[in-house]
Amino acid sequence: MKKVKFIQQLSETGCGIAAICMILNFYGCKICVADLNQKFNIARDGISVKDLMKVSNEYGLNSKAIKLKDKKNLMQIQGLFPCICIKDNNHYIVLERIKNNYVFYLDPEIGRKSLKIEEFIELFTGVILSFTPNDSFRKVKQKKYTLKILKLGLFDKKIASFIVMVSIMIQLMTLFTPWFTKYIIDDVIGKDFNENRWILFVYPLVFVLAYGLFSFVRYVMIAFLEKKYIASLKQSIVQKIFKLPLTFFDVRPVGEIISRINNIDALQQIITNIITSVFIDFVTIIIVLIAMFKSSKNLTFLIFAIGLLLCGVIYIFLRVVDKKNMDTIVNREKTQSYLMQLFSNVSVMKTIGSNQRITEKWHKYYDNQILSEYNREKILGFYQSFMISYRLLPTLIILFYGSVLISDKIMTIGEMMAFISLTNLFLNPLATIIQNIFDFQYSSKLIDRLTEIILEDEEIVDNGDDITVIDSIEFKNVRFSYTGNNEESVIDGISFKLKKGERLSLVGKTGCGKTTIIKLLLSLYHKYDGEILINNKDIKQYNLDSYRKLFGVVLQNQMFFNDTIRNNVDILNSHTDEEVLSALKIASFEEDVKKMPFNIYTHIGDNGYNLSGGQRQRLAIARVLLQKPKLIILDEGTNQLDAITEEKIMENLRDRKITLITITHRLPTIISSDQILFLDNGKIVDRGKHNDILNRNAIYKGLFNKQ
């Protein structure tokens, strides 16, 4: 049976889609993970067995789920390979074969693995998905997205053409060396040495000065081209990321996304070298081969055979190093992502006294990264050592065979030395081209990590009607699921109305769907059942850009910059100091700011580290108020405030008749609400005023009796 091609998962929960992608590729449907993610909109919690079967059926594969009654009877699935199974209760892998008491499988996260049957049984859940092509199955050629991604950068063709011209000049100058060597040995030494002595000084001096000048110009222009191209490419990628919907970020850690952006920098030298040198090197090889052939046919055939041997060895190296490249990239992303999480939660780590245990986990990630990099460097080191030894071979062959030709009066000493120079001019560009293949293979892996970003559909924000005011909000029997399956709905049958100037509080235990309702109201998720009406018009008919500007949102985990209070309130720097102070006053934060060393120009530290939790929340509220929103949303936005301060802020908002939606369990906010929705398991189980619900609902009453 042929081998299953390994395909890496692209996100924390992407093992399932990577596994089915391996199965499809095995049968000849050459599709990539990014294509499947884009087509089936894989949810943040991963993909279920049921949905995996739907994906396979979509491409013409019959699927069958099997639950082994006895996990020890693994041998009974011998005829079902390759198949998907679940390991460790939550991770999909692809079983390839069972042989000699070993199970061979592909783990989408780490690659090919093997375990003894006894060890595998301990991790195996007993669930197997088998696949067979049906009549509708069609083989599909793999789509290449490399050029599509590279075209996102602005490549200056004029500068590139200039670099190519200069490179041609440099290459032509290198052809001067063999000719000059032959001339010196055959026509100068031992003949009219005194008469031609000036040649030995003038020619090399002119050559070195010209070669140095052209090389410097080429170097500067390549550096300029690299920086310009990579800057534009990175800018395009970042802009694309900011246009993606929230669902993209739900399944990818921030550190992983940043790592992929940083990987773009590694492309700069690779891309420009390939574009500006491959053509030149190829032309040089052709010209040099012609010159070598004219000098000695037999020696040329020998050197050409050595070149073919080099290509064969390199092909083997490429296959080995391919997996090492991917291991290195993935482990580096994991390490950086986890390190970012640590730095973002330093205070938590210190308070729970878990520094050592948590850093040990980082050490594990980092050790894996170092090991993968070391393994890759070993392969490359072996290649470099081979190349050093390999370069000695042609010279030795030419010296040996050339001496025979010289003794037979077929070749002169000068011609032999010139041929050695030509051989270097042949093998060096060939080695450079091969090195570029190495580099391009590595860069293609980096580009693959960007593919799903490019294929992801952008959020459409500038279509539809503009909106300047929110007079009413209505949810009509709204259902939503992060998995796309209504059987696992996060909110189910939500209906309510809210008029301009009213206050609505969403109350319920953690995970009951409160924040999801807010995200749907902000149109951060677009696939749901039911209707969301704004001013009696479907929310999908509005221009999202103008719609979202009407909202002011204070989330549980608000972001702050390592800057002044003023610049954190007025992020766009479009308001006066007086307007900033007014917003701070409404947020009941003005008095605190006046006591600070530099008033509103006091720095607050990284993510507001120098402020207390309550101060950060008031700063966030002030930021929202400065924009004069039509509706304010507080998602636990006052939970770190004392009751007096919270009441004062609510009173200030009430005086300004701002529509307010809050997610809270704080009595001052709830009591002042015009309407309360009490949620449980994604459904509204009660609604009304606080005292009314308190008197008739024991569960609701229990929430507040514990306060």
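Any Cβ shown, glycine's included, is placed from N, Cα and C.
No curator has checked TrEMBL annotations; they are predicted automatically.
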Annotated range (TrEMBL: transmembrane segment) out of 229-249, 418-438: 418-438
Which of 159-180, 299-318, 418-438 contacts the transmembrane segment (200-225) most, counting Cβ pairs under 8 Å: 159-180
For the domain 'Peptidase C39' (9-131), the number of residues DSSP places in helix, strand and coil: 44 helix, 44 strand, 35 coil
Segment confidence, the domain 'Peptidase C39' (9-131), expressed as mean pLDDT: 84
